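Participant: Encoded as structure tokens, here's the structure I'll be asking about.
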Amino acid sequence: MPSLWREILLESLLGCVSWSLYHDLGPMIYYFPLQTLELTGLEGFSIAFLSPIFLTITPFWKLVNKKWMLTLLRIITIGSIASFQAPNAKLRLMVLALGVSSSLIVQAVTWWSGSHLQRYLRIWGFILGQIVLVVLRIWYTSLNPIWSYQMSNKVILTLSAIATLDRIGTDGDCSKPEEKKTGEVATGMASRPNWLLAGAAFGSLVFLTHWVFGEVSLVSRWAVSGHPHPGPDPNPFGGAVLLCLASGLMLPSCLWFRGTGLIWWVTGTASAAGLLYLHTWAAAVSGCVFAIFTASMWPQTLGHLINSGTNPGKTMTIAMIFYLLEIFFCAWCTAFKFVPGGVYARERSDVLLGTMMLIIGLNMLFGPKKNLDLLLQTKNSSKVLFRKSEKYMKLFLWLLVGVGLLGLGLRHKAYERKLGKVAPTKEVSAAIWPFRFGYDNEGWSSLERSAHLLNETGADFITILESDASKPYMGNNDLTMWLGEKLGFYTDFGPSTRYHTWGIMALSRYPIVKSEHHLLPSPEGEIAPAITLTVNISGKLVDFVVTHFGNHEDDLDRKLQAIAVSKLLKSSSNQVIFLGYITSAPGSRDYLQLTEHGNVKDIDSTDHDRWCEYIMYRGLIRLGYARISHAELSDSEIQMAKFRIPDDPTNYRDNQKVVIDHREVSEKIHFNPRFGSYKEGHNYENNHHFHMNTPKYFL
């Protein structure tokens, strides 16, 4: 039936939009404290999630059930997609918050009002909307196309507007719920779930899905370890996660499935623990089982939600309170240094995950045993339509899975073609850059511009700091995978996202032979990550040590971290490059700890105007050193160095003479002239240019 297909497609599109709005409000709020490293007050916009509380007011409930008001709310919801076109981040945040609040009210009204078939299609549209979203993110290499590109934002806005206009035409019956027979009402009242538990379970399930399955690469990033056994790569392993999510949604329709039993809950809890505590493939397999469990909870949890009472205000408000508490707690686990009460949430993702599993389990075990389909299929006259709707939704679901798998396959093939396309060389260039999670200083996505900038540097090895944006309050974006595929580099994600660091990644034009992830001593401040790597550069093995120390005020942390990294440097091979963010001045205690006890040399010991980024080395011949201004793309510059790998690492002479005229050195070791020429002092212009008395060359 074409009309059923249309209903499913339109509701799924609108469900995808709702998920996208909810996913983006967190990163937009988080952007502002990211700039100041403290709470700004704009966190208050999170109350947009609590808009269902107005539905507890009877006159307001009657008002939003009127067609003209529901039409207005639908238009506001879809219009908030255009927040991406706003001239500044604050206006974008305000428009987005308005869209989130409107979307939640629309969902509450339409889920609790209308015919059983209408409600069934709307609710399943929301569930399938999550699958639509992850499939879109596959095709956009983990990014949400609504919030990443102008063209895709406009296309989805247009399609959503068309869908909304169509829905407005069907909203006339929303204020007239389908009547239930007397026996059905009595049975429903007797088996009605607790509204408080139903709301808490729904909010927890929304956040759990957002946190762990908001993008199919996330499971791999929870399970990741160092090379040569890093665990499954997100592409193609993300396809397994997608298949498991789809399979989980189908499970409740199987007659043999006991989705309300204690055994299934124990299975889900064990898989959650496996994802949190196991490593590489064991963690990834646990994540797949957890995906099946999580998806299988959706029909039952939503069935309990809409059957918990006639007025959705209380239930939806409780749901969103739990969602907010959980996403804030998730942020507190990593940002504990900068927020009140952070000491109690430090690295306690286990408490968060355990609490959510307990809430979902209680709702599963003590609520009605009927799922969403059975609760809404009450009229004999509509059973045929329900069966057809279920059939079409299954077909649509597996069509989405096929589209997602195709996207992964095409991306994987394109990425494989890019890797290893380099000529043999004895020179290597390395760069370090604090990335700010892929957002520029104005709050917009910086990925495309950043990839272009990094490509223009010509660096062979790049370490990116502040790179773990896979967390829900930063957009669930896999920046390592995105940059690796865009630039054609081998990648190392760094310590798992479950270890509560801000992230550090490595990108290499040459194969990574082995690597090891480290969590440096951090008794007082934020968790400091490091990676040690060995890279095969045209048959020569060169070690790299990359790190991000804690903040300047955490003196003990920096002292212990410098000691730990100096040991890593000392134990590295004779040829090693250090790229670090150490928040200490040249000649300071931590600087000397690295150079003297780590047995490395500063690329330019005469550069005294540094504070954070440093490049050091041993066993190589230095050729050049450059600093490139950030031009508001981040809050920090790019530093680069060029080296030659000596033929005999035990018998060579390092370059000592410093020159600033590029004409005095071979053209093949020149830095890209696109960044201008030697410049004294800081470059205050809004362009990427050499500055701070660089570039320098060594003879």
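Including glycine, each Cβ sits where the backbone N, Cα and C put it.
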Participant: Just to confirm what the record says: which one of Asn455, Asn536 has N-linked glycosylation site annotated in Swiss-Prot?
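Facilitator: Annotation hit in Swiss-Prot: Asn455.
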Participant: Could you give the residue numbers and ranges of same-chain residues that sit at least 6 residues beyond the transmembrane segment (273-293) on either side and whose C-beta is under 8 angstroms from one of its C-beta atoms?
Facilitator: 212-213, 219-220, 222-225, 229-232, 237, 240-241, 244-245, 247-248, 251, 264, 267, 349-350, 353, 498
Participant: Look at every Cβ pair spanning the transmembrane segment (316-336) and the transmembrane segment (349-369), keep those 6 or more apart in sequence, and say whether at least 3 of them are under 8 Å.
Facilitator: yes
Participant: Given a separation of at least six residues and a C-beta threshold under 8 Å, show me what packs close to Asn455 (N-linked glycosylation site) in the same chain.
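Facilitator: When sequence neighbours closer than 6 are ignored, Asn455 (N-linked glycosylation site) has Leu487 within Cβ distance under 8 Å.
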Participant: When you check the transmembrane segment (349-369) against the transmembrane segment (13-33), do you get at least 3 Cβ pairs under 8 Å, counting only pairs 6 or more apart in sequence?
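Facilitator: No; fewer than 3 Cβ pairs under 8 Å.
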Participant: How does the region 'Required for function in lipid remodeling' (607-627) divide up by DSSP, counting helix, then strand, then coil residues?
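Facilitator: Helix (H, G, I), strand (E, B), coil: 0 helix, 13 strand, 8 coil.
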Participant: Is the transmembrane segment (41-61) in contact with the transmembrane segment (390-410), using three or more Cβ pairs under 8 angstroms as the rule and ignoring pairs under 6 apart in sequence?
Facilitator: no
Participant: Six or more residues beyond either end and a Cβ under 8 Å away: which residues meet both conditions relative to the transmembrane segment (13-33)?
Facilitator: 39-40, 42-43, 45-46, 48-49, 77-78, 80-81, 89, 92-93, 96-97, 99-100, 103, 107, 125-130, 132-133, 136, 144, 146-147, 156, 159-160, 163-164, 167, 206, 210, 214, 327, 331, 335, 338, 439, 443, 472-476
